Each structure stands twice: as structure tokens, then as C-alpha cells.
Amino acid sequence: MTDCSVESTGVNVPPDEYERLALLRAMKLLDTDPEPVFDRITRLLAHSLSTPIALFSLVDEHRQWFKSRVGMDLIETDRDVAFCAHAIIDSAPLVVPDAERDERFALSSLVRNHPHVRFYAGVPIRTSGGLALGTLCAMDSKPRILTEAELIVLQDLASLVTREIQLRETVLLARSELDRADAMLTASDARFRAVFEHASVGIGLLAKDGVWLSTNDALCQLVGYSRDELRQMTMHQLTHPDDVASEPTADQGACYATTSKAEKRYLHKNGESIWVSESISRKNTAAGELEYYIVVSTDIQANKAAEAALATVHHELEVRVRARTQQLSEANSALYAVIERQQRTEQQVRDREAELASVIENANDAYIGMDQVGRVTAWNKVAEETFSWAASEAIGNTLHQLIIPAEMREAHRQGMARYLSTSEARVLNQRLELPAVRKDGTALVMEVRIRALKIGEHTQFSAFLHDISERKALEARREHEARHDALTGLPNRRALDDLLPSALTRADRNQSPLALVFIDLDGFKNVNDTLGHEAGDELLRIIANRLRDGTRACDVVARLAGDEFTVVLEGVPQGLVDARAVASKLLASIAEPVALHGGTASVHASIGIALYSPKSDKSSTELIREADSWMYTAKRAGKGRIFPTTPG
């Protein structure tokens with residue numbers, strides 16, 4: 001066998017073997033057709049050194065393969081018998097004048113048998129990073145001395161092969177960088193579009209002349225216009241006439257000189273006005289010229305209606321352009337077009353990232369980004385202010401360590417696991433009201449909208465959170481006031497109308513009778529007339545407290561109007577007997593004298609009782625009417641009485 005190789009030579013492996021093999025495979029030279037550029041060099045080498053064999057070999061992990069060969073009928077040999085495997089170890093040329101006299105090769109079958117290799121000279125072919133991919137070598141079946149002139153020829157020809165390999169390496173690296181830049185741009189566009197389209201706030205891009213270039217669904221829903229309709233409108237046409245004075249004349253081509261943020265009114269398509277918190281910032285080109293405006297509009301109509309004093313936290317919109325330059329090493333003039341395209345692509349990535357960062361950072365809501373295991377990857381200024389965690393503290397931690405209440409953390413973990421395994425989630429793509437906590441443990445109520453974005457094999461979550469704690473507290477307070485008597489704090493008639501049907505349902509379910517006690521004070525008007533209305537109010541408060549103290553925690557005491565009260569007694573197994581016992585106790589408590597500012601008062605009461613038996617068809621209205629009727633019967637009987645006196 002004819003080969004620039006030797007068997008069982010115990011060849012060492014280069015220290016950079018892993019990187020060398022990776023680049024060799026990436027360059028895709030192995031097992032390819034002969035190329036004239038290399039064949040000319042091997043022919044010239046054989047002719048210049050007068051050797052029968054000249055080879056350009058490439059050495060992988062198992063073999064050496066001949067990209068170009070002169071005087072050799074084989075295309076490859078095993079690596080462990082290759083002379084060239086020795087040559088790639090050192091930077092200097094490997095010259096073997098007589099293999100029979102070299103202890104490394106003397107016992108080789110290739111030396112002792114055909115083709116009787118006696119002479120070998122090879123120079124490693126290295127990449128720009130110094131990785132030896134193979135050799136340019138010459139061989140002879142006769143021993144010989146390589147002259148200095150012949151060595152120079154061998155090295156010069158090897159440098160031509162090296163130059164060609166390094167040129168191809170540069171092209172490969174440039175293409176790899178271009179592919180990476182293209183992938184970054186694609187991912188950046190996807191992230192920006194996901195935030196733009198799915199944000200819970202209205203976002204639009206506004207041309208220099210004030211015409212809308214692009215809007216998201218949230219803005220369209222806010223003002224009632226479609227995207228096509230908005231593209232035919234200007235900012236002024238969307239603004240309430242009373243607020244136009246504060247706006248630049250965008251219809252006439254004026255520009256917003258600086259970042260602006262204000263509360264203003266938009267005109268809905270149906271003619272109604274809508275309060276929004278609007279921030280507008282410039283988007284400049286790389287040359288610093290105005291390209292378009294970014295408008296972020298948040299619906300604050302509910303806040304305005306709930307409490308005028310509720311202020312929206314404003315943040316100035318700052319456009320941060322991150323300077324990042326990456327230059328490729330100088331290459332052949334034929335690569336300039338590739339490098340220029342790469343630079344343009346990277347600039348587009350930076351513009352998209354800056355645009356995305358500007359929208360998120362200047363949103364009026366808290367923005368949180370998370371990876372697929374729930375770790376925080378983004379945390380804007382509003383999130384810092386809302387939850388009291390700095391971005392440096394939040395990023396890298398999980399949400400259940402930061403803002404999720406302890407009682408909901410397990411549900412959060414299960415929801416994340418369910419989504420990653422099934423792609424199903426109950427909280428995605430909808431507005432939810434969820435509890436949260438600040439760093440100091442303060443409870444919050446947040447309006448939340450969460451989106452999921454798949455990038456390759458990974459999932460990113462983006463969440464916009466709006467603090468509605470004050471609004472919910474105000475709603476709860478108003479609901480309490482609507483259902484409770486302002487003077488005594490007892491449930492009022494509206495609350496009784498809501499509570500009594502539920503009590504009847506429980507009575508049916510538990511097969512337990514229920515009683516409604518109707519109380520009307522006797523002599524209350526005399527207290528008002530003699531001691532004044534303030535004393536009368538104080539008396540009603542004291543009577544209310546006595547009624548509460550004289551009943552169980554499960555009983556409901558309500559004030560209907562004036563000096564009328566009711567008590568709902570659930571679970572009275574002996575019916576009227578149990579109800580009269582409670583009523584008698586209350587009657588005695590009411591009759592006790594009351595010390596008031598301005599004197600002492602004493603009142604009595606007339607009490608009517610209506611019973612409800614399980615599974616009867618009596619309604620709550622009928623029950624109240626019956627108890628009221630018995631109360632008037634008691635009052636006509638002489639006051640200070642309880643009716644009915646016996647079941648029947």
C-alpha cells in the first residue's frame with residue numbers, strides 16, 4: 001500500500017484536538033471532489049522535488065484523507081499509521097531522510113514492504129487560529145537529503161495551501177456570524193411584536209405628521225376604531241377638544257420636541273370621552289433624525305370614576321440607545337459585502353431591542369419577564385415602585401419568592417409545571433384580578449395579563465400588572481356602606497333581602513326550622529321629642545348593641561328603618577318555643593333604662609315572630625310580611641308583647 005503513513009506508531013494527539021476536528025468538519029473539505037487549486041500545487045510539488053508522490057492530506061479522528069494526490073492510488077488510510085499524524089503535532093516541518101534508520105518508522109510494514117517508503121517531508125497546514133488540519137507532503141521509495149532550497153519550495157507551496165484554507169475559514173466564520181445575527185434579529189422582532197400586540201395598554205407608532213402608522217388591539221379597543229380607521233386619523237382627531245391646546249400641531253407636521261407624559265381624554269368612536277395616561281417619546285434613526293413617535297396609552301377611566309384623587313404614577317420616557325459595535329477581522333475584499341450586511345442586521349437588532357426596552361420601561365403598568373422555570377428576567381421601574389423590590393434584587397429570583405402570597409405559591413408552581421408539560425394554562429391571555437404582596441408583606445390586588453412566547457425550545461412569559469388595591473378597597477367600602485346602616489353599623493334592609501333567601505336555602509338543606517323576629521320600639525318618639533334627636537340616635541346605637549349581645553354569632557341582626565329591627569334565627573329546632581325564648585331575652589334587654597346625654601330613657605318593644613319550616617313554599621318576602629303583621633298584633637295588644645303566643 002502506498003501512503004504517507006506508518007502503522008502502530010503511538011502518535012500523540014494535539015492538545016487542541018477537539019477544536020481542530022470541529023473546525024475540520026465545519027469546513028466540509030472531507031470526502032469532496034478534487035479541486036484544481038490544490039491539484040496544481042501537488043503536481044508542482046512532485047515536479048519541484050522530483051518525488052513520485054505528493055499529497056495534500058486532511059487528518060480526522062480515525063484517518064487521513066487525501067484532498068489532492070499525485071502518484072497515489074488510495075484516497076485515505078488509517079490515522080494510526082500516518083506519517084502526517086506526526087507532522088501535525090509540531091509547527092516545524094517533519095523531514096525523515098531514511099525511514100529505515102528512524103526508530104519511529106523502521107519496523108513499519110510500509111517501510112519494510114511495498115511501497116518501501118524511505119523518504120518523507122511534510123509541512124502542517126494551519127488555520128488562522130493555528131489549528132493543524134493536515135499536511136502538504138512529498139514521499140520517495142529511496143532515501144534522500146532534503147536541501148534547503150527544496151525545503152523552501154515545500155514551505156512556499158504549503159503557504160499557498162494554508163492561504164486558501166484560511167480564506168475559506170474566514171468565509172465560514174463570516175457566514176456563521178451572519179446566521180447568528182439573523183437569528184438574533186428574528187428573536188428580537190418576535191419579542192417586540194409579542195409585547196406590542198399583547199400588551200394590556202394601548203401602543204401606537206405615530207408618523208411625524210401625526211398620522212398613526214401602526215396600533216395594537218388594546219388601543220383599538222380603547223377608542224373603538226379599527227386599525228384601518230386609525231391609520232386615516234391624526235392624534236388631534238382622537239383628542240378631546242378641551243385637551244387639544246396642550247398637544248403639538250401634529251396635523252401640520254410639527255414634532256414633539258421632548259418626551260411628554262400627561263393625563264388627557266380621547267374621543268371614543270361612540271362620542272364618549274375616555275381618560276387615558278399618555279406618554280409620547282421620539283424614536284430616532286442611527287443618525288439622530290426623527291423616525292417616528294412611540295405612544296403608550298393606559299386606560300385610567302375606572303380610576304377616575306372610582307376616586308378622583310387616585311393619581312397615576314408617571315415616568316418620563318427615556319430612549320436609551322446602547323452602543324455596541326462588533327467588527328469582523330479584516331478579510332478579502334470579496335467579503336466586504338457580507339460584513340456590511342452583517343453590520344446592518346446587527347443595527348436592526350439593536351434598534352428593535354431599544355424600541356422594546358423603551359416601551360416596557362415607560363409603560364404605566366409594572367412589567368415582569370420570566371423564563372420557563374419562573375425566574376424573573378425583566379423588572380421595570382413601575383414594578384420596582386409597586387413591589388419595593390429593586391430590579392437587581394428581583395432578576396434571577398422566582399415570583400413566589402417575591403410577590404406571590406404564601407397561600408398561592410403551590411398553585412403557582414403547579415400551574416407552571418402544567419403549562420410546560422401540556423401547554424395549557426388558566427391564567428394566560430386574559431385579564432385577571434390576583435392577590436400579591438410587597439417586599440414588606442403589604443397585601444395588594446393586581447389586575448394581571450400574562451402572555452407566553454416560545455422562542456425555539458424555550459418559553460418566555462411576559463406579564464403586565466396594574467395595582468387596583470385602592471380601587472378594590474373603595475369598592476368594598478362602598479359595598480359595605482350600601483348594605484349597612486350608617487348609624488348602628490347593622491345590616492340594612494338591602495342586606496336582609498340578600499341574606500334571608502340564603503338562610504331559607506340552608507334551612508331546607510339542613511332540615512332545620514328558621515325564625516324571623518320583627519322588633520318595633522315602643523316610646524322611641526317620646527325620647528326624640530324630650531331629649532332630642534342626638535339622644536335618640538345614641539339610644540338606637542345602644543339598642544343595636546344589646547340586640548347583638550343577646551343573639552348568637554350565627555344570627556343576623558338588621559335595622560330596617562327608623563326604630564324597626566329584625567333578627568334572623570337559624571337552627572331553632574323547637575320552632576316558636578326557641579324563638580320566643582330569644583325574643584323574651586331581647587325584650588327584657590331593650591326595656592333596661594339607658595343613660596343618655598341629657599337624661600335617662602326607657603323604651604319597650606313589640607315583637608312579631610314568623611316561622612319557616614323546611615321545604616315549605618314560603619318566600620322571604622312573605623316571611624317578612626308575616627313577622628311584621630304579628631308585630632302589629634303585639635302592638636295593638638298593649639305593647640311590650642310577643643306574638644304569636646302559641647304555635648298555630
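Counting starts with 1 at the first residue shown.
Cβ coordinates are placed from backbone N, Cα and C, and glycine is handled just like the others.
Unlike curated entries, TrEMBL annotations are predicted automatically.
Per TrEMBL, the features are:
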type: DOMAIN; residues: 188-243; note: domain 'PAS'
type: DOMAIN; residues: 260-312; note: domain 'PAC'
type: DOMAIN; residues: 352-423; note: domain 'PAS'
type: DOMAIN; residues: 430-480; note: domain 'PAC'
type: DOMAIN; residues: 512-647; note: domain 'GGDEF'
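Note: the stretches the domain 'PAS' (188-243) and the domain 'GGDEF' (512-647) are not in contact (fewer than 3 CB pairs below 8 A, sequence gap of 6 or more). A mean pLDDT of 84 is what the model gives for the domain 'PAC' (430-480). Here the domain 'PAC' (260-312) is broken down by DSSP into helix, strand and coil counts: 6 helix, 30 strand, 17 coil.
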